[in-house]
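Copied over from Swiss-Prot:
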type	residues	note
BINDING	TYR84, VAL85, ARG86, MET87, LYS88, VAL131, GLN132, LEU133, PRO299, GLY300, GLY301, VAL302, GLY303	substrate binding site
BINDING	GLY202, ARG203, SER204, SER227	NADP(+) binding site
BINDING	THR405, PRO406, PHE407, GLY408, GLU409, GLY410, LYS411, SER412	ATP binding site
REGION	56-340	region 'Methylenetetrahydrofolate dehydrogenase and cyclohydrolase'
REGION	341-972	region 'Formyltetrahydrofolate synthetase'
TRANSIT	1-55	transit peptide
Amino acid sequence: MNVMVSFNQLRNYFLESNSLRPSKWLFQSYGTSSSANILNGKLLARKLQRSVAEEVQALKAKDRNFKPALAIVQVGKREDSNVYVRMKEKAARLVGIDFKYCPFPETIQMPALLHELKKLNDDHTVHGVLVQLPLPKHLNERTVTESITPPKDVDGFGAFNIGLLAKNDATPIHYPCTPKGIMELLKDNKISVAGLNAVVLGRSDIVGNPISYLLRKDNATVTVCHSKTKDLIQHISNADLVIAALGKPEFVRGEWLKPGSVVVDVGINAVQRNGKRVLVGDVHFESASKVASSITPVPGGVGPMTVAMLMENIVNAAKIARTENIYRKIDLNPLELKKPVPSDIEIANSQEPKLISNLAKEMGIYDTELENYGNYKAKVNLAVYERLKHRKDGNYVVVSGITPTPFGEGKSTVVAGLVQAMGHLGKLGIACVRQPSQGPTFGVKGGAAGGGYAQFIPMDDFNLHMTGDIHAVTAANNLLVAALETRMFHENTQSDAALIKRLIPVKNGRRVIPRGLIGRWNRICASHNMDPEDVNNASPELLKEFVRLNVDPDTIECNRVLDVNDRFLRSIEVGKASTEKGHVRKTSFDISVASECMSILALSCDLNDMHSRLSRMVIANDKYGNAITAGDLGVSGALTVLLKDAIKPNLMQTLEGTPAFVHAGPFANISIGASSIIADKIALKLAGTESFDRPEDAGYVVTEAGFASDMGMEKFFNIKCRYSKLVPNTVVLVTTVKALKLHGGGPKLKPGAPIPEEYLVENLDLVKNGCSNMVKHIQNCHKFNIPVVVAINSYKTDSSKEHEIIREAALQAGAVDAVPSDHWAQGGKGAIELAKSVMTACDQSSNSKFRLLYDSETSIEDKVNVIAKEMYGANGVEFSSLAKERINTFIKQGFGNLPICMAKTQYSLSHNPEFRNVPKNFTVPIRDMRLNAGAGFIYPLAAEIQTIPGLPTAPAYLNIDICENGEIVGLS
């Protein structure tokens, strides 16, 4: 049977309307002598379509984002195809389905058409895709229709859906519309097919084959007849049920039928009768209706049912998409716990990660929003946020710690363990962490992927190149510095006329401002009340002002960067070659994560924001004290291009297969020491709730702030939250028994020496004394009106009495709870009690009470003072003359309202690393002030901060190697 049958059947429903009935067609009479029950598809179809319309209306009332949509692809302008498309459009709109018409010229070639279909497959706003047949002969219809993804194959003709239909123990996503309509029509008329001898006339993939599968599934005994079938009449005469779908007008005669049989006529044929065209079926209705017990008319039988089933399929497709989008469930990867706990790299290598595409699907991320980098890591497109921005954010948890010690308190381990524990409790937990620099990985610190059974994997990818974001930051930063140095060189070696000729070239008789310099040109023109379009009439003085930056070399703020610990780049000279004509300058390298470009990556809210921030970077002052920006240099567009992929968060996973966004890695000393705003925003929407969800359906986003509450957490709130407008529900403050003993007066640790016994045996006095440090950090959290849960990172050398001392001190200081957590040895199961306490704190929190330490309008000096007094417990701040001079410059340049990012030691609440526990009676000296205008903060220097570390005598790289099978060993 020709594939056009299905579209002809679609038409039948509409032929009942006089407004759509072609005048050239006549219709056969059903006759008055019929004894058969008429299976009226028109009435049932209307009932079903009303039901579909009511369901759509109800779902839209519950979820304003529920918008089922059908797209029809039409190639060429055949008039009959135009009629069918209009019919489907009308039917769709009647039940509340959006309609998208996609016409293409008859000349379109196969690759282009398949590309357009792929775009529809990838479009999450489209739920059903139909290709209007027939197609021009140069297009392969099967290839085209099979290219439609199964969830959107609402015709149900694709191999995937037909294949599942043919299997006894499987169910297709969508049933073919006409066969499905036949079964519904029989069911509505209380005709059970179980045990019947059913004969199907025709074996097309549109009706014959699929209806045979449906009948068989409903326990009929099915015979499929076709043009080669012998004794066809004999088969028909033995049939209890006849499905006629062979495309031959009035082929089946009444005398062939078994008395009392049921006849379903799928055919639609135009024949000449008395000089007029008449529509008839494949069954001779007049004779058949006298023998059959029930029969479908033509038109008004199967045709309207096809349309109704198509509408049902489209709505079902939209419901499936909605369910996949709303309901997220993470399947945990089981751990094989061992004692003693093996090395981190052994554990990481022994666990097979999930395919990242599968994890993304569990979270509700579409394939089209994922850019895979191999099997276990991927970038997530920022379009996810736009798609989900209507959601209420999930719960937001920030992990901080007490003052760090050489032991390491394990904040990253807590983050991993906590989200794994959320998974055990049936909650979606998403970690958001920084990408570690390769410098420390090969230096003294080692990796930063967590530890034990609470890690981020693959560990080697996490600690090394990942997706190349840090390399992109390195390239962008170094392009900026190279552009600045080169511009200085050219200004020193060329005349005004030569600079004007090269920077404002004449094309077709008109001077052209380069795209990257349009902003600078517009500002200069505005300051001179000149029309920026009138470039040709600009004065030589104005053109000179435009092309000459007049950089003061002594004020250059940006250094070249490298993601390697290399102490010998701390002070260098550039421009020593003879080709640079004496343009020699002392400078230095920083580590890549100390670059302002990295801070911008972390603090940008979207691509446009990143572009603006890169443009606002102040790279030097001119000789008159005015700020020179990357925008003045014309390089901000190129920097954005280099970072266009880096701005997309990286998706990885924990050992137990819970999701982790790993994105950005700004230096914690001179920057915010936190992962990106973008990662947090996307994660909060993925963990968020729809308007109809219950509050308890919300998931949890767990992120980390570098170092302790006085450093990373203070910057997290006063800088990151200020720009993101996001407010955490709870702080998790990490502490350990060993760290508190050190703060409580325990002996200092000496490099290479054994750990003193005090840290390995119970010592209640040291723990009690050290709790003062923890209490101060709890108080710091409360200054922002955020509840605190203390996580006691457990070790086998701890005693229950030591834990109880910590718990009592934490509760007395106002913590919601203090919970020992053994995630390092037990994975998520070891952190379940901690997770429960965090959930309780989130339920009880009201982040509307959140407050910042200072307003933007507060003076720079007062901002620094309030941080020192409130966070560190200092008596005050003492500014050097250089720092005061810098402050005046920043105010003059318009940067006085920026927040403060203090640069000091992490090893003390004070500026002095030797001052342990909770220092008293000290003043913080500020020797210098620096500006990161693009990132959006000023950083006072309260200590000498090395911005490029060196390598120790025995660096971590000594133990790192790769095996013949490609497995990396020695990472920690």
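Quick reminder: no glycine exception, Cβ is built from N, Cα and C everywhere.
Taking the features listed in Swiss-Prot, we show where each one sits on the structure.
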{"residue": "TYR84", "record": "substrate binding site", "CB count, 10 Å": "22"}
{"residue": "ARG86", "record": "substrate binding site", "CB count, 10 Å": "13"}
{"residue": "GLY202", "record": "NADP(+) binding site", "CB count, 10 Å": "25"}
{"residue": "SER204", "record": "NADP(+) binding site", "CB count, 10 Å": "20"}
{"residue": "PRO299", "record": "substrate binding site", "CB count, 10 Å": "26"}
{"residue": "GLY301", "record": "substrate binding site", "CB count, 10 Å": "29"}
{"residue": "THR405", "record": "ATP binding site", "CB count, 10 Å": "21"}
{"residue": "PHE407", "record": "ATP binding site", "CB count, 10 Å": "17"}
{"residue": "GLY410", "record": "ATP binding site", "CB count, 10 Å": "27"}
{"residue": "LYS411", "record": "ATP binding site", "CB count, 10 Å": "26"}
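Burial estimate for the binding-site residues (GLN132, SER227, SER412): highest at SER412, by number of other CB atoms within 10 Å.
When the Cα of THR405 (ATP binding site) is compared against those of the binding-site residues TYR84, GLN132, GLY202, ARG203, SER204, the shortest separation belongs to GLN132.
The Cβ of ARG203 (NADP(+) binding site) has 18 neighbouring Cβ atoms from other residues within 10 Å, across all protein chains displayed. Spacing of GLN132 (substrate binding site) relative to PHE407 (ATP binding site) is 68 Å (Cα to Cα, whole number). Recorded residues GLU409 (ATP binding site) and LYS88 (substrate binding site) have their alpha carbons 64 Å apart, per Cα-Cα distance. For the pair PRO406 (ATP binding site) and GLY303 (substrate binding site), the Cα-Cα distance reads 78 Å. When the binding-site residues PHE407, GLY408, LYS411 are compared by Cα distance to LYS88 (substrate binding site), the shortest distance belongs to LYS411. Cβ contacts within 10 Å of GLY408 (ATP binding site), excluding its own Cβ and spanning all protein chains shown: 17. If you draw a 10 Å sphere around the CB of PRO406 (ATP binding site), it holds 13 other CB atoms from the protein chains shown.
Considering only the binding-site residues TYR84, GLY301, GLY408, SER412, SER227 (NADP(+) binding site) has GLY301 as its nearest partner by CA-CA distance. Among the binding-site residues listed here, namely GLY202, SER204, PHE407, GLY410, LYS411, SER204 has its C-alpha nearest to that of TYR84 (substrate binding site). Along the region 'Formyltetrahydrofolate synthetase' (341-972), the predicted structure has mean pLDDT 95. A gap of 71 Å separates the Cα atoms of GLY410 (ATP binding site) and GLY301 (substrate binding site).
Of all the binding-site residues in the record (ARG86, GLY301, PHE407, GLY408, LYS411), the one with the smallest CA separation from GLY202 (NADP(+) binding site) is GLY301. Its own atom aside, the Cβ of GLU409 (ATP binding site) has 24 Cβ atoms within 10 angstroms in the protein chains shown. Residues TYR84, VAL85, ARG86, MET87, LYS88, VAL131, GLN132, LEU133, PRO299, GLY300, GLY301, VAL302, GLY303 are recorded as binding substrate; their most distant pair of Cα atoms lies 25 Å apart.
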